[in-house]
């Protein structure tokens, strides 16, 4: 005979199963929006690569019969005189003549393969735009503008969602590191806590006092307690009118609690998974705003992140050293994209697409913390100046 399970195990199994069923919708609700955004971005990049490869990759039959190109080549032959001896004057004329070279004359169909077009699409919706690859046809230019019009907001949506994940990871990692080393909370001076989180008790005095008086009852307003400085009659009339207007507004408006309950908990109709997805969509971008990490820590993360890519990139881009690779990665992640460094093998760099997205978000977090710190410094300076002006005798 088989051994029967103890009653405690029977009771624990349904409880554990219930907890697992409850956690699965929440986990899916957190991961599903980000995965959907990322899948949409990948699909958008693939569709754009196919379109640009078809539009810009077509051979131009009129390129060989272009009169401007023929005249350019004839003048070039006249300058060179079809020999290898070039005098100083002819060299100067040659440099001036080459400045009239148009990029569409050098266009080749193999330059717009599917992978090259995919690399171009990544530079468009990421707003990097290196500059060495761009459309030259009229249809390609209009298609590029339309593609960027929808691709850039989609890219920012993906960055915002990934930013919440990175903010959560960085915040928890720093908290555990701080607890492991038993560090005090104010060990770093450059923290962004006063600006990232608004204190609930930081309301102005002129807003807090009328709110307290209005919340009082009518009897308390009509029969106030005796005090040393009795309020003026005009102040009492104004406060009484505010109280009456507020009571009328509360009577005219229907109770909103049932409506808020039905709107905030659509799981009664849509299910727990749908409710979790909707609630997570409403909270997109909130984790970055609540992030509280010292600036030296995030600066160290940025330096380590760029250094890793700068050490790996020269393995296939042999012409780049560590310094040039570090400069290229920084220009890419900050979306500056000068275009002064051109990758010989951009197809391999496509594997760094996730690296670029994550790196752009890390730099955005660093810039956000720096912005908060500068704003805090500016506010402190303004408060100091205002206090000096108040203390000065007039």
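Cβ coordinates come from backbone N, Cα and C, glycine included.
The shown structure was predicted, so the numbers you read here are calculated from the model rather than taken from an experiment.
Swiss-Prot marks one residue of 90, 234, 264, 279 with the annotation phosphoserine, and that residue is 264. Swiss-Prot tags one of the stretches 142-162, 163-183 as transmembrane segment, and that stretch is 142-162. Stretch with the most C-beta contacts under 8 angstroms to the transmembrane segment (32-52), considering only 142-162, 293-313, 347-367: 142-162. If you take the C-beta of residue 129 (K(+) 2 binding site) and look for same-chain residues 6 or more apart in sequence within under 8 angstroms, you find 123, 337, 339. Long-range contacts of the intramembrane segment (114-140) within its own chain (CB-CB distance under 8 A, at least 6 residues past either end) are made by residues 41, 44-46, 48-53, 55-57, 103-104, 107, 147-148, 151-152, 154-155, 332, 335-339, 342, 346-347, 349-350, 353, 356-357, 360. Here residue 128 (K(+) 2 binding site) comes close to 122, 332, 335, 336, 337, 356: these same-chain residues lie at least six apart in sequence, with C-beta atoms under 8 angstroms from its C-beta.
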